[in-house]
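What follows is a set of notes on a single structure, which appears directly below.
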Amino acid sequence: MIVVKIGGRVVKNSLDKVILDIANINDKVILVHGGGDIVTDYTKRLGIEPVFVTSPEGIRSRYTTKEELEVYIMAMSLINKTITSKLCSLGKNAIGITGVDGGLLLAERKKRIIVIDERGKKRIIEGGYTGKVKEVRSEVINHLMKLFDIIVVSPLALDVEESTPLNIDGDQAAFAISKAVKVNVLVILSDVEGVLVEGKVVDRLTPEEAKELSKKIGPGMNRKLLMAAESVENGVNKVIIGSGVKDRPVSSALELNGTVIVNG
């Protein structure tokens, strides 16, 4: 079993390549998708101006109000069913779900977050409807995998305390699922060839090397490296960070094109 995570730009620009490639892979697949650019498009169409905040670490992320959460759910559902429809039309036994369904992903809403304001000052604001995954109900995945070959997962989670869906980071969802079911391989596909240092792809890293390198590279990729290291340390065989915009993107990553994080 493998987990594949595709970022929002891959969803927008290279989705058919990914779907066709996954349809030809002879393994069980959990496909976690993003879609931030598409969410932004729909938000603007509905006359809602999207808001982004920057953390003290320099990571820019969507600030999810109650109103925008509704748009997020609609857009992610559209992406999910588009992917699932295409896979089924290619003869694959696929199902599309969110992390809310079956209580697959249980999360805690961020009550307060620290952001950097326009003056460069730290400020504490209300957390909105964004959450952090606290638990993965792996039995949901295991049961569905007895019935289906491919599970397409939208990055939504259930806040049990407040009985509401939450927007969660797609990478976080993919890493959490991978650790919970201890998959063989986690493939992270974005619009870059892998982890770049001085313009060159780093071919291979141990978890320790990944943690060390995370201190020296930009926000976004540093989080991927930290989560990749933690995943390998917790039972995932290997994590591969590669390009989702090339031909055969998943197969290419499985052929170890990109950055491979693995023990030893």
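Yeah, the Cβs are placed from backbone N, Cα and C, and that goes for glycine too.
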- prompt: For the substrate site that Swiss-Prot gives with G35, G36, R62, which of N142, N167, N184, N222 also belongs there?
  reply: N167
Message: Other residues near the substrate site, CB within 8 A of the CB centroid of G35, G36, R62, N167?
response: G8, G34, V39, T40, T64, Y72, A75, M76, P155, G170
- request: Write down the Cα-Cα distance for K5 (site 'Transition state stabilizer') and G35 (substrate binding site), rounded and given in Å.
  value: 11
Task: Find the shortest Cα-Cα separation between K5 (site 'Transition state stabilizer') and the recorded positions G36, R62, K224, and name the residue that gives it.
output: K224
Message: Please report the Cα separation of N167 (substrate binding site) and K224 (site 'Transition state stabilizer') in Å, rounded to an integer.
response: 18
- line: Quick note, K224 (site 'Transition state stabilizer') and G36 (substrate binding site): C-alpha atoms separated, nearest Å, by 17
Message: Quiz question: given the recorded positions K5, R62, K224, which has the greatest number of C-beta atoms lying within 10 angstroms of its own C-beta?
response: K5
